[in-house]
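Chemist: After the structure tokens below, expect a handful of questions from me.
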Amino acid sequence: MRILYLDDDAISRLTVSKIVDGKYEIDAVETTTEFFSLLDKNSYDIFLIDINLNDSDIDGFGVLKKIKEKNLPEETIYIAHTNYFGQDWENKCLANGFSSYLAKPFIMPIFEKIIKK
């Protein structure tokens with residue numbers, strides 16, 4: 001499975017990349033420009049998207065909306081990965097079209113449970 005991960009935090013990108021290395025192919029990027037450039041060139045099974053992005057006027061919800069305009073395969077998984085936690089945030093992410101919600105820090109067993117649903 002191939003993952004495209006968008007997070008403006010370098011430590012989060014490095015941590016997630018190291019955790020999934022060897023099990024999944026991952027492209028981890030800092031900006032929405034990099035994200036959409038890779039999306040236009042490659043196919044991905046999973047999108048892991050931070051909600052609060054500092055690089056532009058768009059947040060993770062806006063990024064998700066733009067991705068969904070591309071009519072990707074129905075089985076594509078969209079995961080909100082954020083420092084915001086709690087049932088209200090999970091509900092907000094799901095209501096806005098994410099397949100699932102994963103609070104930071106990234107925990108591999110929880111991630112794998114999400115993608116196997």
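Heads up, the Cβ atoms here are built off N, Cα and C, so glycines get one too.
According to TrEMBL, the protein carries these features:
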type	residues	note
DOMAIN	2-117	domain 'Response regulatory'
MOD_RES	D50	4-aspartylphosphate
Chemist: What does DSSP give as the helix, strand and coil breakdown of the domain 'Response regulatory' (2-117)?
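Modeler: So the domain 'Response regulatory' (2-117) is made up of 47 helix, 26 strand, 43 coil.
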Chemist: Under 8 Å Cβ to Cβ from D50 (4-aspartylphosphate), same chain, six or more residues apart: give me those in sequence order, or none if nothing qualifies.
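Modeler: Non-local contacts for D50 (4-aspartylphosphate): L6, D7, D8, D9, S12, G60, H81, T82.
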Chemist: What mean pLDDT score does the domain 'Response regulatory' (2-117) have in the model?
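Modeler: When the pLDDT values over the domain 'Response regulatory' (2-117) are averaged, the result is 95.
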